[in-house]
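One structure is given below, encoded as structure tokens.
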Amino acid sequence: MTDKRKDENSGKLLYCSFCGKSQHEVRKLIAGPSVYVCDECVDLCNDIIREELKDNTLSPKESSEELPTPRNIREHLDDYVIGQEHAKKVLAVAVYNHYKRLRNGDTTKDGVELGKSNILLIGPTGSGKTLLAETLARFLDVPFTMADATTLTEAGYVGEDVENIIQKLLQKCDYDPAKAERGIVYIDEIDKISRKSENPSITRDVSGEGVQQALLKLIEGTIASVPPQGGRKHPQQEFLQVDTSKILFICGGAFAGLDKVIEQRVATGTGIGFGADVRSKENEATIGDLFKQIEPEDLVKFGLIPEFIGRLPVTTTLTELDEEALVQILSQPKNALTKQYGALFDLEGAELEFREDALKAIAKKAMDRKTGARGLRSILEAVLLETMYELPSKEGVSKVVIDESVINGESEPLLIFENTETKAISAE
């Protein structure tokens, strides 16, 4: 092989045999026997070969013999999600069975057809529904996307079409249908598309029962035709075909008021008379017990249509997090918030320390706001705002200490400087 410099003395203008660009339009032109190739075409060929090798090589989690067991999945969830032990066990088994079905086909050697087990998560805001789904997808190394049920409408109406969910999933895997078919879709706020009454509606309900009807086929399994990257701008392009029967759908919602529906059915009698307004810990435990007794008929009374419930055969409930669980969430998981902020402070050369009483004060604030674990970050952000603003401008800070008084707004964080005595300094 020779480069273009050896042919320049002849005065003849040389061109790439692949793309047709001249030697003046590229950085390098490599010569072979009566053929030339430019550096741009070499890079393109390398990319093509790299992609094919990547597609033909299964990741460890894609081989059936190395499919994580339910115990493996549960242990990984334990690293990131505090509490919700029963929900984690149910999810681990359902996800394992789903991917075992994908790897071995829908039909066993005995001719038994394996059904699809989509999942319904019921639990209060901030109890970990979204985190569980995200952690599962990350552990299994599969494409993951989220959708908000409140933005969905039937096709032809203003709003987001249900098939846009598959479009988002394709975007996460560079529009590769085969990869998308191994993905997980989490649909949040599913309780918000309940119909207004238990009886079938005779009027069009485009954001309630209508969306449930539109989601039926998608969740059960259909061949969805999705426009490629260009979408409607390039109508001449062929649509991508995605088999949604291979996609795992997880739906989640708070289902506020569902406990009253269950209570009426089991007739516990906790909502009548002098005890009606009493909300003690004992009463809250009773509500938790009620959720464990959930039946499909309760979801029908709540407003989900029977056909939709049938497409979500695996149902599990998450309990409301107590103060102790919130304290653990702040410090124990691998990506705990205190560890995240600690890493940010470490980049500034300072150690961030949270005293135990500070963690309890943060948890108490989150409990008062009734936002669950979701409200923890906003509390920490507000507490650390001034310190994070001033710290890059201060020199010699080796440690920042946060205690209960800082969380309650009674004092400033304690800044410890290198080679100096410990003292409290305002972040202003």
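Here the Cβ of each residue, glycine as well, is placed from N, Cα and C on the backbone.
So that you can see what the record holds, here are the features copied from Swiss-Prot:
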type	residues	note
BINDING	Cys16, Cys19, Cys38, Cys41	Zn(2+) binding site
BINDING	Pro124, Thr125, Gly126, Ser127, Gly128, Lys129, Thr130, Leu131	ATP binding site
DOMAIN	4-57	domain 'ClpX-type ZB'
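What Swiss-Prot annotates, mapped onto the structure for a quick look.
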residue : record              : contacts (Cβ under 8 Å, 6+ apart)
Cys16   : Zn(2+) binding site : Ser22, Val26, Leu29, Tyr36, Val37, Cys38, Glu40, Cys41
Cys19   : Zn(2+) binding site : Cys38, Glu40, Cys41
Pro124  : ATP binding site    : Ala254, Leu318, Glu320, Gly372
Thr125  : ATP binding site    : Ala254, Lys370, Thr371, Gly372, Arg374
Gly126  : ATP binding site    : Leu321, Ala366, Thr371, Gly372, Ala373, Arg374, Gly375
Ser127  : ATP binding site    : Gln84, Leu318, Thr319, Glu320, Leu321, Gly372, Ala373
Gly128  : ATP binding site    : Val81, Ile82, Gly83, Gln84, Ala87, Leu318, Leu321, Ala373
Thr130  : ATP binding site    : Met146, Tyr186, Asp188, Gly252
Leu131  : ATP binding site    : Tyr80, Val81, Ala373
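Sorting the binding-site residues Cys38, Cys41 by the number of other Cβ atoms within 10 Å puts Cys38 first. Sequence-ordered, the extra residues of this chain that approach the Zn(2+) site, with Cβ no more than 8 Å from the Cβ center of Cys16, Cys19, Cys38, Cys41, are Ser17, Phe18, Gly20, Lys21, Val26, Leu29, Tyr36, Val37, Asp39, Glu40, Val42. Packing around Lys129 (ATP binding site) is summarised by its Cβ count: 24 other Cβ atoms lie within 10 angstroms of its Cβ, all protein chains included. When secondary structure is read from DSSP and collapsed to three states, Cys38 (Zn(2+) binding site) falls in the strand class.
In the three-state DSSP assignment, the secondary structure recorded for Thr130 (ATP binding site) is helix. Apart from the site residues Pro124, Thr125, Gly126, Ser127, Gly128, Lys129, Thr130, Leu131, the chain places the Cβ of Gly123, Gly252, Leu318, Gly372, Ala373, Arg374 no farther than 8 Å from the centroid of the site's Cβ atoms, the recorded ATP location.
In the three-state DSSP classification, Pro124 (ATP binding site) falls within coil.
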